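Features as listed in TrEMBL:
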type	residues	note
TRANSMEM	66-93	transmembrane segment
TRANSMEM	114-132	transmembrane segment
TRANSMEM	152-176	transmembrane segment
TRANSMEM	188-209	transmembrane segment
TRANSMEM	322-347	transmembrane segment
TRANSMEM	367-389	transmembrane segment
TRANSMEM	395-411	transmembrane segment
TRANSMEM	418-438	transmembrane segment
TRANSMEM	444-465	transmembrane segment
TRANSMEM	485-507	transmembrane segment
TRANSMEM	513-535	transmembrane segment
Amino acid sequence: MPSSRTGGQVAPLTLDTVGLVDQSLGNAGTSGSAPVLEEGGKDPWALPQLKDTGQSWKELSVAGRVLRVVIGFLKACGLLGSLYLFICSLDILSSAFQLLSSKVTGDIFKDNVVLSNPVAGLVIGVLVTVLVQSSSTSSSIVVSMVASKLLTVQACVPIIMGVNVGTSITSTLVSMAQSGDRDEFRRAFGGSAVHGIFNWLTVLVLLPLESAAALLERLSALVLSAASLQPGGSAPDILKVLTQPLTHLIVQLDTAVIASTATGNATNSSLIKQWCGTREVTTAGNDSDCGAAGPCRERNGSAAVELLPCHHLFVGTTLTDLAAGFILLAASLLLLCTCLVLIVKLLNSVLRGRVAQAVRKVINADFPFPFSWLSGYLAILVGAGLTFVLQSSSVFTAAIVPLMGVGVISLERAYPLFLGSNIGTTTTALLAALASPADMLLSAIQVALIHFFFNLAGILLWYVVPFLRLPIPLARRFGDVTAKYRWVAIAYLLLSFLLLPLAAFGLSLAGSTVLAAVGGPLVGLVLLVILINVLQRHRPAWLPRPLRSWACLPLWLHSLKPWDRLVGRCCPCRVCSPPPATAKEAHCYENPEVLASQQL
């Protein structure tokens, strides 16, 4: 198109011109992502082209090749180091939440009147797992209570479901690190949401069935009666072997205090561990049993034992558990955010060109037809195996989410990986239960089996039949909304894991009648709105004319734009608002003459 400087007239504005400007502006981005222009008909969930803008290996000199190898090695070391510190920060964060909430956790679990309500048990499982940031800790409390006959297996089933839901908060928090880029945030948050949506949908189906027929309890009891179990060895502890040398220098906790509080043996001792071992005191003697070479043990019927102090920062401190918890919370969150930012930056730098294409091809590869359906089940096995090795579903899902954000793993492939992670964490619990004492063995195994069958039933419901893989389209919708209104991610986090569970817990304290009277109409209203939305999209003729759209309602009831303006006034920061248009884009759209005069 000729420029206006050489011609005397301005070319008319056409739709083709606008499309070309959209394409050129999209390609001019520096984030490395493919242009995401829903208006242009492009799929916003398509994996971006991770191009390497540097020189090829053949074009480099010898010094350049050596420099690239050294830089690549340093990046790999930085990535592994950041991942290691990230895992350590999760461990310290768990310790901080346990210090802040250990007594509250024990008080909640001791209230059997509340635990008799299935909804209250579900909410308690979610809240406690969010507080202690460890599903294994929450499960161990439940196992201790069941073994001590303070909690029945029937009452612990909703709590186990809540524990499964609460553990998905970690991946949601990790996705926040990529909120600076709209396209990466869409993929990362959608990936974290698919895990939580799967857990919530499974709970919505299985919790009523369990309350009515006790399916999981009966199935676990049937499997347990058919097996002859003996106490086994300790469960593998690969991840903690790597992290404990660092985390034990910072803080060590006596986790038995939480279990003793939950089982009714409350103590006023601090959760911070002060003594980490014992040794027998020896003294010099001259009786016939003493050797001439040196000291010998006393023969007074009871050998003296000396306690050995621990070696970490909080040994002998005068701080209360609450003060120490706040200090560890601030430090671990700072380290967590720093590591997440470094991991995302290094992934963007390392995963380029042929490396990115090779990694993406391996992870997202499918078997040839007609066995392509086996690829997802293989991904489930891979997710279960890696989670079993890492012994932490939180660490595994937290590693997957940044890879989704940079465009290496697709949502369709991450979904079975997350499902496998759910299975993997239950197999670890099974091995840990086998290491329980003989008097706790059967109860521990049954609780672990309930957790396993819950996740297995979720896979049968929401994965085996492709048409029923509802978490994937729902997660896409969440990702699209949060890419446009990033404050929705914070609202989802607070509502799903804090505000709604607290509201349900408060209503459960008033009794089952109050909970049903308030919660029943609300749940019915939500289901009605969902049904109307589905009919509006697929069968609008089945609805009365006023219900074929939500235009009859006030704007704030069917649109997020008024809420976005309100949030923008209350929180004018860049994170809470949608990404602004670039200066060139805004100038072009505001001035058609300038648009037509650009050389495209």
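From the backbone N, Cα and C atoms, a Cβ is placed for every residue, glycine too.
Keep in mind that TrEMBL annotations are predicted by a computer and have not been checked by a curator.
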Query raised in the report: Can at least 3 Cβ pairs under 8 A be found between the transmembrane segment (66-93) and the transmembrane segment (485-507), with each pair 6 or more apart in sequence?
Result: no
**Report entry** Close approaches to the transmembrane segment (444-465) from elsewhere in its chain (Cβ under 8 angstroms; 6 or more beyond its ends)
**Finding:** 139, 142-143, 146-147, 153, 156-157, 160-161, 163-164, 198-199, 201-202, 205-206, 216-217, 219-221, 223-224, 229, 376, 380, 415-416, 419, 422-423, 426-427, 429-430, 432-434, 436, 471
Report summary line: Highest Cβ pair tally under 8 Å against the transmembrane segment (152-176), stretches 114-132, 188-209, 322-347, 485-507, 513-535, lands on 114-132
Query raised in the report: Any residues 6+ beyond the ends of the transmembrane segment (395-411) with a Cβ under 8 Å from its own?
Result: 32-34, 45, 47-48, 50, 83, 86-87, 90, 168, 170-171, 174-175, 177-178, 181, 184-185, 187-188, 190-192, 194-195, 239, 340, 343-344, 347-348, 351, 356, 359-360, 363-364, 383, 386-387, 417-418, 421, 424, 472, 475-476
Query raised in the report: Against which stretches of its own chain does the transmembrane segment (485-507) lie, if we need a Cβ under 8 Å and a gap of at least six residues from its ends?
Result: 114, 119-120, 123-124, 126-127, 130, 166, 169, 172-173, 175-176, 179, 185, 189, 193, 196, 200, 478, 514-515, 518-519, 560, 563-564, 567, 571, 575-578
Query raised in the report: Which bits of the chain, at least 6 residues beyond where the transmembrane segment (367-389) starts or stops, bring a Cβ under 8 A of a Cβ in it?
Result: 238, 396, 413, 415-421, 423-425, 427-428, 459, 463
